Structure formats: structure tokens, C-alpha cells
Amino acid sequence: MPSISVRRLFDDNQYKLQLAWAAGNSGADNRIGVEADKPVLALVGHLNFIHPNQIQVVGLAESEYLNRLESGETGYQFGNLFDISMSLVIVANGLPVSPGLRDYCHKNDIPLLTSKLESPYLMDVLRIYLQRTLAASSVKHGVFLDVFEIGVLITGHSGLGKSELALELISRGHSLIADDAVELFRIGPETLEGRCSPMLRDFLEVRGLGILNIRHIFGETSIRPKKILQLIINLVEADDEYMKQLDRLSIRTETESILNVNVRSVTLPVAVGRNLAVLVEAAVRNYILQLRGKDSTREFLERHQTQLKENEQNHENRPD
């Protein structure tokens, strides 16, 4: 199961959440990970003795409760608090850290952080961060682009011209997200987010030209850090026989499953004389229309059926 260290959580959110170390630095490598029977949202929560969270947050009410504990009971309560599945304690709202809590965290290698932010906001930010960081992931071969604000993944066998097509689309004002190895993360039940690894970011490999830095060539707006995947365009090599057998009036909606998320897909035959950049733009525009409830093929078939019925009625009403 995916997991991260407390150290990484601290480094990624130190300034945003105003985090500071209070104790337990030796536990910086403690892991925070998704459990099979619990969602990511259950990783963070206010102080809970019954179902301890991996990240226990101490807010105003929790701090007041701990302060009311008698010194003889405190050790017992702390023993219940620091369950083996617990990885981190954060004292929020700028509250002072009690000496007993600090000592316990230090002795048991439990990272103890403080924050000046209110606990509800702190937990909301951490939940969103963990949901993205610990999301199930997969890597797909292809080029991921932002075309008309739609995340489009172009796939196909090597040598079909995916990179050249991407370069053409970028020159027409669209943006590159990732080339070759597209990292996909399931950040929601039906949502996939595509990103690029830091090593490959900004680069596009085009045969004959080598590695191109798209940001330097086309400017800042030619690059996007991430995008929700909404459409897959699969390029297939086609000959005359394939084009003859192609169903021109298909009304079936094709989908491809990635990480158990169904994504709309379109197959584009690659043949001599076809302007693939224009076809991709048309496919994206058509997808946007379908999101609005407009289906050109279905509309044409309905119009065709209506015309046939009118012709049939006119034929029946025609005098012999």
C-alpha cells in the first residue's frame, strides 16, 4: 500500500501549515499509509482514544481535556492515545505543548508538531494532501496534453507519430503535460489526474530533432503541471482495407478502464493525407458537445429516420 514519511509530510507542508517540530525528531521516518479497510480521509482526525488516527490532531477541546486529566491518570491516557498504528501528533491553534505530552513523544519516537492554524482547516488541508499523495497510480505510454481545457491522452504503437502530433498541437496553442511516461493517479472514485515525473517535465522527444524543451521554445503557457484525464485518443495504423471496414455511423461509446476508472476513448486511424492535429481538435470539440448532451451521429440518424418516414407518408398519400 502507498505510504509517505512524516519527514516528507513536514517538508511539503511546513510553510503552508506553519508546522514546527516540538519533539520526537527521531521518528521522522515513521510511515503514514493507507489501510485496506480505511479510506484516506480516516488517516487524520481529532484526538481519538477509541479509533486512533495515524495523525492525531489536538485542538482546543482536546487540549482542554488533556489539561484536566489528573497527573496520575495522564500516563494511562497517553498510553491509550499512542496506539501502534499512530504515526504523528499535531498540536494546532497555536496551543502550548504540555510537558507530559512532549516527554511521551520523545521517549516513544512519536513525531510531535505544532501549528498556529485552527485544527479544522489543518485537517482539511492534510486530507486533501494525503488523498493526492497516497492515490493509487499507474504509468501509461503516450503523450498527455491539454486541448481546449480537456485532458487528452494520445496513445498508440511507437512510430505512429504521437510526438509529432503533440508538437503540432502545441504549436496551435495547446499545452503539454507529459511525454512518453504519463503518471496517472486516482484522486477520486471516478477521477484520474495525469502528471509528469520531474525528470521528464518540459521535454518532448521528436524523432529527427531529438529532445526539445517545450517551455523554452513555446513559452510558459505551453506547459501544464497536471490535468484531469477525460479523453483517450488511440492512434492505429490503417490501410485501405481497414478504412473500408470502418463503421462510419457508430453510436457506441468506447471507454478504457484505468485503475478501475472508465475513461472515454476514441480510435483515430493513421493514414497518408490525414491531418491528425485537426482530427484530434475535432474529436475534443465533439466530446465537449457530448458532455452538453449533443450527439452529432445520433442527431443525423434521427434526422434520417424522420426523412424516411416523411417520404413513406408522401408515397402513400400520392394518388395512383
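Including glycine, each Cβ sits where the backbone N, Cα and C put it.
Summarising the annotation, Swiss-Prot assigns active site to H141 (among others). Neighbour list (H141 (active site), Cβ cut-off 8 Å, at least 6 residues apart, same chain): T155, D180, A181, V182.
All chains included, 9 other C-beta atoms sit within 10 angstroms of the C-beta of S158 (ATP binding site). Classification of S158 (ATP binding site) by DSSP places it in coil, neither helical nor stranded. The ATP binding site annotation in Swiss-Prot covers G156, H157, S158, G159, L160, G161, K162, S163, and the record cites sequence analysis as its basis.
Under the heading active site, Swiss-Prot lists K162 (among others). Counting only residues at least six positions away in the same chain, the Cβ atoms of G142, V143, I154, T155, G156, L235 sit under 8 Å from the Cβ of K162 (ATP binding site).
Annotation comment: Swiss-Prot describes S163, E205 as Mg(2+) binding site. There are 14 other Cβ atoms within 10 Å of the Cβ belonging to E205 (Mg(2+) binding site).
Positions annotated as active site, proton acceptor by Swiss-Prot, on the basis of sequence analysis: D180. Neighbours of D180 (active site, proton acceptor), defined as other CB atoms within 10 A of its CB across all chains, total 18.
Taken from Swiss-Prot, the feature active site applies to R248 (among others), supported by sequence analysis.
Taken from Swiss-Prot, the feature region 'Important for the catalytic mechanism of dephosphorylation' applies to 269-274, supported by sequence analysis.
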Local confidence of the region 'Important for the catalytic mechanism of dephosphorylation' (269-274) - pLDDT mean: 79
Neighbouring binding-site residues, C-alpha within 10 angstroms of E205 (Mg(2+) binding site) - of H157, S158, G159, L160, G161: none
